[in-house]
Structure formats: C-alpha cells, structure tokens
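According to Swiss-Prot, the protein carries these features:
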type     : residues                                                                       : note
BINDING  : ASP13, SER63, ASP436, HIS437                                                   : Mn(2+) 2 binding site
ACT_SITE : SER63                                                                          : active site, phosphoserine intermediate
BINDING  : HIS124, ARG153, ASP154, ARG183, ARG189, ARG254, ALA255, ASP256, ARG257, LYS329 : substrate binding site
BINDING  : ASP395, HIS399, HIS455                                                         : Mn(2+) 1 binding site
Amino acid sequence: MRTPKPVVLTILDGWGLNEDTSSNAPVLANTPTMDRLFATCPNATLTTFGPNVGLPTGQMGNSEVGHTNIGAGRIVAMDLGQIDLAIEDGSFFRNAAMLDFAATVKAAGGVAHLMCVVSDGGVHGHILHGQAAVKLMVSHGLKVVVHAITDGRDVAPQSAEDFVAALVASLPQGASIGTVIGRYYAMDRDNRWERVEKAYDAMVLGKGEHARDAVSAVAQSYANKVTDEFILPTVIDGYEGFKAGDGLFCLNFRADRAREILLAIGADDFDGFAREKPVLSALLGMVEYSTRHSDFMTTAYPKRDIVNTLGAWVAKQGLTQFRLAETEKYPHVTFFLNGGKEEPEVGEDRFMPKSPKVATYDLQPEMSAAEVTEKFVEVIGKGYDLIVTNYANPDMVGHTGDLQAAIKACEAVDRGLGAVVAALEKVGGAMLVIADHGNCETMVDPVTGGPHTAHTTNPVPVILFGGPEGAKVHDGILADVAPTLLQLMNVPLPPEMTGKSLIDL
C-alpha cells in the first residue's frame, strides 16, 4: 500500500448525524465540500457515547472524552464513571485525599467550601458528586458551604431552578449554599479574566449580586431573562467569603474549565487580575488540572498513565506531526489527545490561533476557522507525516442554541475543508474526517421546543479521503481512529492499542 504524506485527521467538533433535518445545522447549511466527500469517498459512522468511550451507559460524550479515546486508540475509562462507581461502592467516602482535606480544614477551624457543577450533564461535574462530598464533609464535623455553578450548556438552558432546589433539599444540617454562579464566569477557559474575576469576587470576597436564597438567585436571573449559563455571580444572604483556615474542594472532574478560577484562588504567581490571595488551609481537586496546579493542590483521583498514545507512538517511529486548533479546542488536540501529557512529543509542532473575543460565539460563528485553514494548508506542504486539526465552530456555536449561527458555523468549516482537500490533492495526502461527538445537528430540543445547547448521542461521520484504491470503511468507535491513521501511515500498532482499523481493503 502506498504511504500517503501527510496523513491528516480533521475533527469537526460537534458535527453529528441526525435523520431529523428540522433543526439540523449541517444539513441546512450550504456545505459543498462535505457533500462531495460523502458522495465520492468511503464513509461510515462512529459511536461517541456511553461504554464505547469509557462512560456510563447513555452518558453523552464530550471533547475531552472524545480526544482522549481518539489519541489512546483504546477505550479509556473516564473519571465520571470512576467517581460514580466509587460513590456507589462507598470507596468515595474513604478516599485518602478527601479525608486528609477534611482533617486539615477541621484542625484549622475552617469551613469546607465545595465548588460544584449543579446539573446532571456529566461533562465537567455532576450534582450527585457534590451531594456525596457534602455528606462526607459534614460527617467529619465540618461546616460546609457550596458554590453552585449553574450549567445550562450541557443540559437545558433553564434547568438550574430544579437542580438547585434538589441540592438545597438534600443539604444536611451544617451545609448551605454560599454563591450561585453561571459557568460563563466560573468556568472560562479562554483567559477572559474579567469574567473569572466576577466569580472570584463572589466566592472569595462575598461580593456580587445578592439573593436571599439559592433558588431565588436563579428565579431573579430568569426574571431578568438571563439563563443558567450566564447567571451573574450571586452571593446568598449571610455568606461573607473565604476566611483564613478555610479549604476549597473543586469537584470538576474535567480539567480545562476548572483551571482559571483555581489559578486565581491558589497560585502565588497569578497575574490575570489584581487580587489578594486567600489564606486557605487546604486546596483539593477531584482530578489533576495541570502540573502547575499540582504545585498548590492535592488530588482525589490522580490521572492514570496512558502509554503509547498516537502521538507518542508516531514520535517513537522517528516521524513528525503537527497539531492545530484555535484556543477553545487547543487543549483537546494537545493535552487530551496525548493522554493528559502537556509537553509535545519529539517531532511534534503546534499552532494555536486565538479564538475571537466575543461574549458568545453566535456573534461570530466563523470564529477563527479562516486562520486555522490558512495554517492547515501551509503545513500540508511542509512534509509532516501526521497532521491533527480541530475545527471548533460546530460545537462552540452549537452550544449557543442559535440555529442560524450554527448554520453559518458549518459553512465556515466547509469552506476551510474545501481548501484543505485541494491542498491534499496537490501533494497526494490522505485524510480522515470525523467528529468527536454530536451537537449542532440538534439545535431545537425535541421535548421542550426550546433551544438545544447540549451534546448529543447521535452517530458522527467518518470519511476517508485519498485512501488506498478500493478501500471501504466500516462503522466503529473513537478508539478505532488512531489504528486507522497508523494503517494509512504503514506503521504497526503498539500492543496497548486495542482499537481496530476502520479500513477494509
């Protein structure tokens, strides 16, 4: 088999397949390149949710899970399932790091602050984890304050009232809610420090909007026509901020959107905005957020090493690779694709155009796709063996719930893909086009009729362009992508990769 060069993986983040075309942005968009690829290239579908990507049954996938499985070439048991099981079997309540945190805060005479996503979306956090952690801390004689991060992005846009009410009803004596904060502020990942500062002020200083109780905080937000994701950081009556000796436990099990607020709270060298660092007795994370965070935090569930990822294995063969995505998805094609390893592999180059500085991406659905494409076309001619690129638009604009904007997002990506195909035709390269999960193919909630902003469990495409003559592709899972790329590169699989190539010759 001829070895094409480069071999390319293009990830259309959030571009799923849905037979219902009524709110299906990829179908409603003008996408001549994707239409051509579907019509002329071998294609099939991939499953991106549940046990096929290491998640509980029925749990939708997400970009972290997707890129981790893609890079690993095997099904990777994800943190959500691990933590759920620990709560179920009771080992959660015996977790050494959590017990150390509780003992340290108690010895300092402090309060245990718990930062928790209050939804059952299961992408960054889960309300059940928060309820379990409250139970654990109260059982050790600690006063507990919950900082409720409202979602509205991985669940319905106006579901926080029910989730917050359920959390309040479950709180034992000694536990209360101190703040209610939309994830737009508490979980930024694009260095928009003006947002993070508002969340910091509410949590740490007790400054912000005010409400008499947590449910009222959500209700008054709705009265102002502000949905869950965007709830202004709101301080509940009686909460006065962090005090010396207090401790913070962040329950996010996905790293990217927890990093900024935690740097503001815990890093000595933080310079995102002027602040006086709180004097905490303990700072605990559900998982490891980065090596920098590990300098000032402990971890309840340390990461497990994923040996011989796609990037590591390509590097071991003495081959070169390039990773490309705008800011919003850059960690996914680097950190997550490399199995949680931040440093590039030998022979791995990277480029990250900045995502546009807009409040929400429906205001600029093209995002930075043009810059991504310009660099993409350039590096196709540079002699790399493997190129991995992520187009963020379908997912990031899909999360806004704006169908017309999502259509524009798909069209912007399709234009870029057209230039990429032309560049590959010139050099004789091959490409797999896939998505890591669905999103923008369902922009209206079929139950409520309102905007649908979450990921889906729909199948996603896999298309082979420039592959071997007569090749076909079959349905599979994300763990099969790396073995497929390695087959195209004529590189043997490492023994750890249990995925199977999607190509039938």
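Placed from the backbone N, Cα and C atoms, the Cβ positions cover glycine too.
In terms of Cα distance, the binding-site residues that sit within 10 Å of ASP395 (Mn(2+) 1 binding site) are HIS437, chosen from HIS124, ASP154, ARG189, ALA255, ARG257, HIS437. Between the farthest pair of Cα atoms in the substrate binding residues (HIS124, ARG153, ASP154, ARG183, ARG189, ARG254, ALA255, ASP256, ARG257, LYS329), the distance is 17 Å. Cβ packing within 10 Å was compared across the binding-site residues ASP13, ASP154, ASP395, ASP436, and the lowest neighbour count falls to ASP154. One way to see the shell of the Mn(2+) 1 site is to take the Cβ centroid of ASP395, HIS399, HIS455; the remaining same-chain residues with a Cβ within 8 Å of it are ASP13, GLY14, ASN62, SER63, ARG153, ASP154, PRO394, MET396, GLY398, HIS437, ASN439, CYS440, THR453, ALA454. With respect to their backbone Cα atoms, SER63 (Mn(2+) 2 binding site) and HIS455 (Mn(2+) 1 binding site) stand 10 Å from each other. Nearest by CA distance to ASP154 (substrate binding site), out of the binding-site residues ASP13, HIS399, ASP436, HIS437, is HIS399. Each residue contributes its Cα atom, and for HIS437 (Mn(2+) 2 binding site) and HIS455 (Mn(2+) 1 binding site) those atoms are 7 Å apart. Distance between Cα atoms for HIS124 (substrate binding site) and HIS455 (Mn(2+) 1 binding site): 13 Å, as a whole number. Here ARG257 (substrate binding site) is positioned 17 angstrom away from HIS455 (Mn(2+) 1 binding site), judged by their C-alpha atoms. Among the binding-site residues ARG257, HIS399, HIS437, the residue whose Cβ has the fewest other Cβ atoms within 10 Å is ARG257. Here ASP436 (Mn(2+) 2 binding site) is compared against the binding-site residues ARG189, ALA255, ARG257, HIS399, and the shortest C-alpha distance is to HIS399.
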